[in-house]
């Protein structure tokens, strides 16, 4: 009979899924969840429930459990600790056997780990703070199409951060005028210009027209400056097929870089595009539109460091990473923590920076973090110091808002950057002497002097939301 040895009924998750004696394996995917149980639910039961519902468990005992070796496939909550300074919040550590996940699929990884469990009634709130991805799993992903070193070699740009600018107004320009703005910024000294993430293919500017005029602008600026230039042509569309069509056209135009919104576009589409980009020599710029829907709340959702790790696996050469200064938030230590996760090959566990696990990226190419959002020339010393050479500093309004126009705005940013890099290389302290360095440079650059005057009082200061 089917019922032999099968005891129906509901039993506590913690009897099966809370295993404090478990020794984690090198091949396990490890997760750190911030758990807020409902009143009356013990933390062990809450942690075990998370492990169960994100792996093999369901709410009742089922007889088909007997047809598999549950011990081999179940997630295990192996450690729980209270969050200091928070009432009724715990960090629950969960280990998942590698066999639960399809190779090379961020989509499947997230569907398993965060797909179902966040609506669970026994929890008041749940946040995924960090993941440890084992080398065995990382090796099943291509990762970024090119990575930091290959990008520098392609662009022939070394020893400094790269400069970008988002073309504004983001919506409403015709393709010809849009291309004109691109040309002016690149001609003035920027390395890149960028489609705003909202720009896809709207009635006032269809994608193909924009691609053609931007390519023309780029080649003209290259011919005049002798530098390699790029414009992030935004490829997302209503279907993946249409997105690939746009990427293919970008390659036919011979431009160096395309762009994707990886969260709104989805990980499956993003990984397909990343594979195409590596096969065809295109760089891939990633925007994180929609991230704050997922990562803004301190006690529920998913921290951006997890989304950043996932992007490195799925594939992208640049990703927006907040600014530390400017209008979009990012606490300094926490931001630098996930910036290292994007760029470095080996990152040590460091709870003071929000890094819960040591992560070995086994030589997967790195991703350039992009600092953008409400930044201008006065921020240049801080940005150069905080983000270092391997970054893209992106000034939208901070270029196009220059009183003399786009090209002088670009000149001001380039002069400010070169001055900061030179000062740093001479051993000066950018944090302390930053304003002085910018002032000195503005004496021989009227464009920079005008920019300094316009933005001398602008600040976006609010208390940070993201604390440890």
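Here the Cβ of each residue, glycine as well, is placed from N, Cα and C on the backbone.
The following features are taken from Swiss-Prot:
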type     : residues                     : note
MOD_RES  : 7                            : N6,N6,N6-trimethyllysine
BINDING  : 116, 166, 170, 288, 320, 372 : substrate binding site
ACT_SITE : 168                          : active site, proton acceptor
BINDING  : 194, 196, 197                : Mg(2+) binding site
MOD_RES  : 194                          : N6-carboxylysine
ACT_SITE : 287                          : active site, proton acceptor
SITE     : 327                          : site 'Transition state stabilizer'
Integer Å value for the Cα distance linking residue 168 (active site, proton acceptor) with residue 194 (Mg(2+) binding site) is 10
Counting only residues outside 194, 196, 197 in the same chain, those with C-beta within 8 angstroms of the Mg(2+) site's C-beta centroid are 166, 167, 170, 195, 198, 199, 232, 234, 259, 287
Here the Cα-Cα span from residue 196 (Mg(2+) binding site) to residue 170 (substrate binding site), rounded to a whole number of angstrom, reaches 6
Binding-site residues considered: 196, 197; fewest surrounding Cβ atoms within 10 Å belongs to 196
Students should find that the Cβ of residue 168 (active site, proton acceptor) has, within 10 Å, a number of other Cβ atoms equal to 16
Record-annotated substrate contacts 116, 166, 170, 288, 320, 372; largest Cα to Cα distance in whole Å is 37
Should one count Cβ atoms within 10 Å of each candidate's Cβ, the recorded positions 7, 170, 194 would be headed by 194
Residue 7 (N6,N6,N6-trimethyllysine) to residue 194 (Mg(2+) binding site), Cα to Cα, whole Å, comes out at 61
All chains considered, the count of other Cβ atoms within 10 Å of the Cβ of residue 287 (active site, proton acceptor) is 28
Taking only the CA atoms, the spacing between residue 288 (substrate binding site) and residue 197 (Mg(2+) binding site), expressed in whole angstrom, is 9
Within 10 Å of residue 194 (Mg(2+) binding site) (Cα basis), scanning binding-site residues 116, 166, 320, 372, I find 166
Spacing of the two Cα atoms, residue 320 (substrate binding site) and residue 287 (active site, proton acceptor), in whole angstrom, works out to 6
